[in-house]
Structure formats: structure tokens, C-alpha cells
Amino acid sequence: MLVTALLSGLVLGGTYALVAMGLTLQYGIARIMNLAYGEMIISAAFLAYVIYTGYGINPVLGLLITIPAGFAFGYVIYGVMMKPLVARARDKASLEIDSILATFGLLFVIQGVLLVTFGANFTSYNYLNVAVELFGTNVAANRLLALVLALTVGGALYLLLTRTLWGTALRAVAVSPASAPLVGIDVNKAARYAFAIGGGLAAAGGVVISMYQTFTATSGVVFTMKALIVVIMGGVGNVVGALSAGLILGVVETFVATYVDPGLTLAATYGIFLAVLLWRPSGLFGRRAG
Amino acid sequence: MLEVSDLSLHYGHHAALDHVRIRVGRGETVVILGANGAGKSSLLKAIAGIRAPDRGASIMFDGRSLTDLPAHQVLETGIALVPEGRGVFGDLTVEENLALGAYAMRARAHAAESRAFVYELFPKLRERSSQYVNTMSGGEQQMVAIGRALMSRPELLMLDEPSLGLAPVVVGELFRSLGRIRERGLALLIVEQNVRMSLSIADRGYLAEAGRITGEGTAESLMNDKAVQQAFLGGAA
């Protein structure tokens, strides 16, 4: 039972980590607190559903469509909605308030479109829903694949941010936005790309979720909340922090559900969140970028 | 090379700069002397594109107007600023800071060569290349800031109070390094409270007071000027 719980905890945690990495880029680099983030995740889940059930393209191959779509959506939304807010913002705090209000509106626009298109029913599809034996226990292949995808995308993002000059420039904007122009970084451009990459990660997260969970047009807010908790736990703008914190949260939730009481899962989540906010407000891992 | 005229800058109703006119020739080292609040930092920020000057200002660099360029584009023209408080990326390593120094298009192809010069100038940075900058001493962080600026291959290097908060022995080292940078043919524009040190490596200097340029002269004449001695050099060793 321990191995089973640990594995499903890691699957859930990998998903949390994946979606949180996108939010931490959007919040940490672009300074946009995107409340419509969960809706971007669910949109991608529906897109994966459509291209799998409608066109027979499996969700993993479909990532070649969904991730670029998420990136493009983020890029356009930043240009249309966020850029004017950034241009008129007097300081970081006023941009934060404006972006929270604007994305709060965007949340309902996207949700409305999804409701009209797909209805309010629970949606799911069958993909690789077969048992695989691992460490003496049975796991659904799609769950295992979800974990592998989350770790692969997370690893690729980590390499992009730490091993390339462009990624290092993004981290520089996260840690010292005022100094970035001194080395020739166009902060607005960096913010736009960070927001777009966040959109790509939200899409990847949505696809992974759709592979093993049921979802509805209104389940986005849960993912925004979970992602936000993971982002705060990992430290804003800290990708490795988000990856670790996501895995921890997934495992803790699953253990509480398995060994204590499933009804206490959310309580445990918010308990951790409050503890982090009170005692380690800059995150569990200290350093802000990396 | 750099020609600034009619440069005014207001923060609300407060005039930080009032019709400032300065010039820096190719390879020349120029120092701006003045008390706190004389507008020296604002001047460097306006040139670097960090603060937009009032309308009517003219900032020309090699015949090109910088007045409307944002900071990241000013850097591409060959002007680098080491700001007050250094502005290093404290959460990144020395090596990452230097790599980002060569982020500008003009600098990328020459990064290895520039890095070799920076490490030759500041051997300590080579030893500490994988250390996080915010764990280093003030003097070492200043080396990172100057090294990072040099990585962009500037023709004009501007430094805002580089000796601020450093121990006297470190200040001596710092100015020796600036002397070596000067020998490479770079022009330097330095705002500094350490008047004696900065005049010792400068060709010329300006006196700034309440946002205005109130005097100028060769480093030698300023060093011997009664008013300068009284205002800045009097009493102090």
C-alpha cells in the first residue's frame, strides 16, 4: 500500500509541478498573477480530448499541437491584455492588482466559451488505461506516462533556464528586473516570452491531466489554487522549487487521503500553505532563481 | 564622442538636472564632482536611458541621438553603466553575471575574449566563478559589476559612486583597475565622492551643484583649485 500511495502521490505531484512551473514563470518573470491560469489548463485538456476523440491523434503526439497553441495563446493574451497594464503601471504593486482583476475577468470569459462549447458535463477519454506492474504494485500506464511527461518537461525547462544564455536572461529578470536592462535585456520582451512559455506549460499540464482525470469546464480554479500554493511553497520564480514543492504536495495529499481521511486532503493542503506563508514566506528552498 | 546639452530632468516639481552640458572625448576619463543631491546619478541614468529626460534634451553619442532610446538599446550603442549599489544579479553566479554582460548583440561574438580580459583584470573572479554573487564582499561585487559592464564591450564606461561603502585598501585596488581599463582606450565617466582618487586617474572634471554644472577644468587645475579644495579636499587626508 505504501508503494501504491507513493506512486499515485508522485503522479499527482508531477502534475502539480508541471502546472506550477508555468505559473511561477508568469508570476516570477512577467509579474502577472494569472487567475485564468487554470482555465488555460482546462482549455488544453479539452483540446487534447478533441484531437484524440475527433482526429485520433494520441495526446502525447498531440502535445505538438497543444503546447504551441498554449504558447501562442499566452503570447497573444500578453500583447493584447497585459501590455497596456504594464505600460500604465506605476509600480509592481499596481501591476499586480490590475493583472489580478484583468485575469479574473479572463477566467470567466474562457470558462464561458468552454461551457458553451462542451457543456458542464464531466469529460474524459480512454488512453493507455491499462495496468502496468511496477515495484510489486499495479499502476495505470497513463498515470505513469503523466509522471514521465511532467518530469521530462520540467527537466527540459530547467536546462533551458540554466544552460542557455536566453534562459539565464529570463532568470535575471526574475531576480533583478531593474538591473536587466543594464546588460541589454529588453524586460518587456522577456516578460512576454515568459508569459507565453507559461501558457505552453499550462497546456502541457492540461494534456497530462486529461490523460488520467475527468475534468469539466469549471474545474480550472482548483488547478489555479493548487498551482499558486506550489508556487509560494517553491518560491516565486523558482522552477526547481516548483518542481520539488509540486511533488511534495502530491505525495502529502495522497498520504493524507490514504492513511488519514480523504476528507482532510484539502485541509492538509491549506495547512501546508499557511505554514509556509507564516514561517518561510520566500519559499521552502531559500534561493529565488534556479 | 559623448555630447550632452540642454539636459533637464524633473521628478515631479523637483528639478534634478537643469540644462546640463557635458562632453566626453574618445578615450578620455572624466569625473563629475558634487555633493549628494547635486544630480550626478540622475545625469548618468539619463544618459543610460534609465530615466527619460525632459523634452528638448540632446544626448549625442558618436553622432547618434540617445534621447529616445530605452536602456537596453543604449547599451548596444557602446555605453555601459555600473550603477550606484552595483546592480549585480545577486542570486546568480559570477560566471552567469559575466555571461549576461555579453547578452548585447554587439558583445556576443566576443564573449570569450572579453571574459579573458575581465579575469585577467580581476583574477579573484576566476577563482570564484561559480559562487553566488550575494555571498561575496562589497569589493568583490563591485568587481563583478565592472566586469559585467566590460563584457558588453563598451566604448564609454560610466560608474556611479564605485567606491561607496568599500574599505580604503579596496578603493585603492579599484582605482588601479580603473586605470588599467583606461589604458585599454575606453572612455570613463565617473561620479565619485572620493575626489582625490578620481582626479588622480582623470583627464578632466566637472563640478555639479543642485542639478547644474557650475565649473569644469583639467584634473590638475581642479586638484589645485581653491574652491574644490575647500569643498571636497579640505581637512580630509
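Residue positions begin at 1 at the first shown residue.
Cβ from N, Cα, C; glycine included.
Summarising the annotation, TrEMBL assigns transmembrane segment to A:6-25 (among others). Residues 34, 37, 41, 134-135, 137, 139, 143-144, 146-147, 149-151, 153-154, 157, 170, 194-195, 197-202, 204-206, 208-209, 212, 223-224, 226-228, 230-231, 234, 236-239, 241-255 of the same chain lie 6+ residues outside the transmembrane segment (A:6-25) yet bring a C-beta within less than 8 angstroms of a C-beta in it.
According to TrEMBL, the feature transmembrane segment maps to A:37-55 (among others).
Summarising the annotation, TrEMBL assigns transmembrane segment to A:61-80 (among others).
According to TrEMBL, the transmembrane segment annotation covers A:100-120 (among others).
What TrEMBL records for A:140-161 (among others) is transmembrane segment.
Sequence annotations record features per position, and here TrEMBL assigns transmembrane segment to A:193-215 (among others).
What TrEMBL records for A:227-251 (among others) is transmembrane segment.
The annotation transmembrane segment is assigned in TrEMBL to A:263-279 (among others). Sequence-remote contacts of a segment are chain residues at least 6 beyond its ends whose Cβ falls under 8 Å from one of its Cβ atoms, and for the transmembrane segment (A:263-279) they are 226, 229, 232-233, 249, 252-253, 256-257.
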| task | Count, for each of A:37-55, A:100-120, A:140-161, A:193-215, A:227-251, the Cβ pairs lying under 8 Å from the transmembrane segment (A:61-80), and report the range with the highest count. | result | A:193-215
| field | Stretch in A:100-120, A:140-161, A:193-215, A:227-251 most in contact with the transmembrane segment (A:37-55), if contact is a CB pair under 8 A | value | A:193-215
